[in-house]
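Structure first, then comments.
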Amino acid sequence: MKSNIPSKKNKIIFLFGPTASGKTQLVEDYFSNGYQIINADSVQVYRYLDIGSAKPSLELLKKIKHYNVDILNPWEQFTVGEFIKNSDIAVQEIYSCGDIPLVTGGTAFYFKHFLYGLSEAPTADEKIRAKVNDMLNTLGLEKLYELLNTYDPISGARININDSYRITRALEVYYQTGKPLSSFALPTSPRNNMDPLIIGLDRDRDELYERIDKRVDIMFEDGLLEEIKKLKGMGGTLAWPALGAIGYREFFDASLTGEASIKIIKDKIKTASRRYAKRQLTFFRSFKNVNWIHPDDRESLESLLNSYLSK
């Protein structure tokens, strides 16, 4: 629908924060009119992963147009290059409606590469790729993640411990060049002449961790276990890219090890989520020109938006 906000070409808002920081509530409260959403969450792109990914409700999806939600099956891979391509198309569609794109989610490297573009890292060497895949099969993903943090701790902070695709890709680059993936230069100016407003949500760590624990409890109450059973019934295994995500991997790991206690699985999800939130914040704080606000500080948010939109 046509926005009442004077939409100016190249204006685009980035709203990011760690898991459970309150992004969805702000979207609902402040961005329901005059905006369309470009989802930047690497799990919400998948169909059938609704509860564990904290996907927006059907009501919110109907209320505000969302891109990059429910676009893939869980056995399909989704690269950052594909995210950029999809999102570039979405931006033009949003502008054509007279609205402003709002990029929001928690996958830090989606934000970074969509805003600045991809690095100059070399294309894959198939022999090295085969070598790293052999290492994955013999040593396991956890050991490869340890190796990544030894060789390239910056990339280690950016990449989810369960993201086998990006962990192996970063190691491929290191073995191919002798240099960490993070050392390859990123462009320093926004792509496509973007005029971005970048907003980061900042909560006290104890407050954030309490919200994470509560969110996980609610996921179980809302039927996460039933969602896992449906995925297993579809033939889901850890070979599916989507099921390496926090909230899903813990169940499939438990199936392999014989752990049956829901409490143990729930505690592991909470621990993994807190660690992931810490890594998200580390990466988000490396961004330039971020306006950090507490999600409850609505006055600061309104001031930021009014100033930006009036330019």
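The backbone N, Cα and C atoms fix where each Cβ goes, glycine too.
Automatic, uncurated: that is what TrEMBL annotation is.
The region 'Interaction with substrate tRNA' annotation in TrEMBL falls on one of the ranges 41-44, 73-76, 205-208, namely 41-44. Minimal Cβ crowding within 10 Å, among the recorded positions K23, R129, is found at R129.
For the binding-site residues T19, T24, the largest tally of other C-beta atoms within 10 A is found at T19. The binding-site residues P18, G22 differ in how many other CB atoms lie within 10 Å of their CB, and the one with the most is P18. All protein chains included, A20 (ATP binding site) registers 23 other Cβ atoms within 10 Å of its own Cβ. Listed in chain order, the extra residues whose Cβ falls within 8 Å of the Cβ center of the substrate site residues T19, A20, S21, G22, K23, T24 are G17, P18, Q25, A54, G106, L201, R211, P295. The record gives G17, P18, T19, A20, S21, G22, K23, T24 for ATP. Within 8 Å of the mean position of their Cβ atoms, the other Cβ atoms in that chain belong to G106, L201, R211, P295.
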